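Got a structure for you, written out below as C-alpha cells; questions coming shortly.
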C-alpha cells in the first residue's frame, strides 16, 4: 500500500498535465514537452525495478495498530490522506534516442528524497496526534472544550467591539478630512492662525517690556544704593572733619569757618547780656506786673521794648519831624486841589499863628517824657547799653511803629479837612442849623473822638472866634509823642476824655452865644 501511494505522489509531482497530452505534435512546444516527457517516463521505469530507490513499507513505516473510532466531539485530522490518482498509461520509450544526463538523475534523486521526508513528517504528526488523543482521559477533554468555547466567544465579542471602534474612528477621520477640505473651514483656520500670530507677537512684546522694566528697576535700585553709600561715606567724612565737598577755595572755606565761629560767639554774648538784664529788671524796686496793673501811670501796659524806645527821645523827635513834614506836604497838596479847602487852610494857619501856645500841653508832655525816662532807666548810660543790646528785630519793630503813626496822622489830617468842608456851608445857612450842629457836636464830644475836634475847629474859624488853634496845637503836641505810644493812647482815651469834653463845652457855649447875637441882629434889622 505504501508503495502504491508513493508512486502516485511521484507521478503527480513529475507527470505532465492532461492538456499537454492532448496537444498536437505539430507544434514545436509539444515536441519539446514530449521529449521531456519521454525522458521522464523512461526514467520512471528503471526506478521501480531498482531496489534501493523503491522504499518498502517495512523500512519507512512501522506497523501501528488500527486507530479506534473517533468520538463525535473529537477534532478531525488536519491533513486527510490524498486519494490515489489513476495509474498513468504505459509508454514505450526509446532510451537510445534521448540520452540521460547525470544532472537530471541527481535532481530526480533529490526530489524523491524530499518527498520521502515530507511523507515521513506527515506520518509522524498523525502518529503524535493519535498518541495524545489516546493517552489523555475523556472527562477533562469535555471541560477543556467548554473553556475553549467560552474563550472563543469572548474573543469573538472583543474582536467585534474593536472592529466597530476602529470603524467609528475611521468614519470620524473621514468626516474631519471632508470638513478640513471645505472653504469655510479654511477661512476660519486662516483667521485663527492670524489671530494666534498676533497673540504670540503681543505676548513676546509684553514679555520683552517686562524684562526691560525689571532690568531698569534693578539698575535704578543699584544706583540708589550706591548714592546712599556715597552719602553715608560723605557724611562720615564731614562729621570726622577730614573732607569738604564744596567747590570753594581754601581761603573761602577758612573765612566761612571763621565767620561761623564769630557768629556763635556773638550769639552767646547776646544771650548772656539778655539774661543779665532780665535779672536786673526782676531785681528792680518796682516789679513789671505792678507797673502794668497801675492805672494811674501813663505807661500802663508797656512792654520792655516800648520802655527801651521811650528811653531814646532823640530818635522819636527825628521821627516826629519827618511825620510833621509829610503831613504839611499832604496838606499843601490838598489845598491846591480845591479853592474852598485853600481858604479854610489859610484862615486856620492865621489863627494858629495868632493863637498862643498853651502851657498845659507842654507841662503834660514833659511829665510823660520824665516818666518814660524813669521807667526805661532815666540815664544816658542805660540808653547806651540799650543801643548796644538793640538787635535788628527791635529796629524793625520801631520802623513798623513809625509807619503806623504816619498812616494815622495822614488819616487824621484828611478827616479834618473833609469835616471842615462839610461844616462850612452848613454855618452859612442860619442860626438854627448852627445850633443843631453844636448839639450833635456836644453828643459826639462825650465819646472823645477826633472828628468832634475837627468840627468844632471848622465852626470856630467860620465865626472868627480865636479858638481854632487850640485843638490843632494839641494834635501837633500829640504828634511829637514817641511812636511807641500807640497802644497806651487807646487805653488813655477814657481818662483824658473828660478834660477834652470840658474844653469842647466851653467852645460850644461861645459859638452858641455868637450865633444868638447874629440872630438878634438879623431880627432887629428886619424889624
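Heads up, residue numbers simply count up from 1 along the chain you see.
From the backbone N, Cα and C atoms, a Cβ is placed for every residue, glycine too.
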Tell me which of 238-255, 256-273, 274-291 corresponds to the region 'Calmodulin-binding' entry in Swiss-Prot.
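Among 238-255, 256-273, 274-291, the range Swiss-Prot annotates as region 'Calmodulin-binding' is 256-273.
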For the domain 'IQ' (147-175), what are the DSSP-based totals of helix, strand and coil residues?
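Counting residues by DSSP class gives 29 helix, 0 strand, 0 coil.
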Calculate the per-residue pLDDT averaged over the domain 'IQ' (147-175) and state the result as an integer.
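Here the mean pLDDT over the domain 'IQ' (147-175) amounts to 91.
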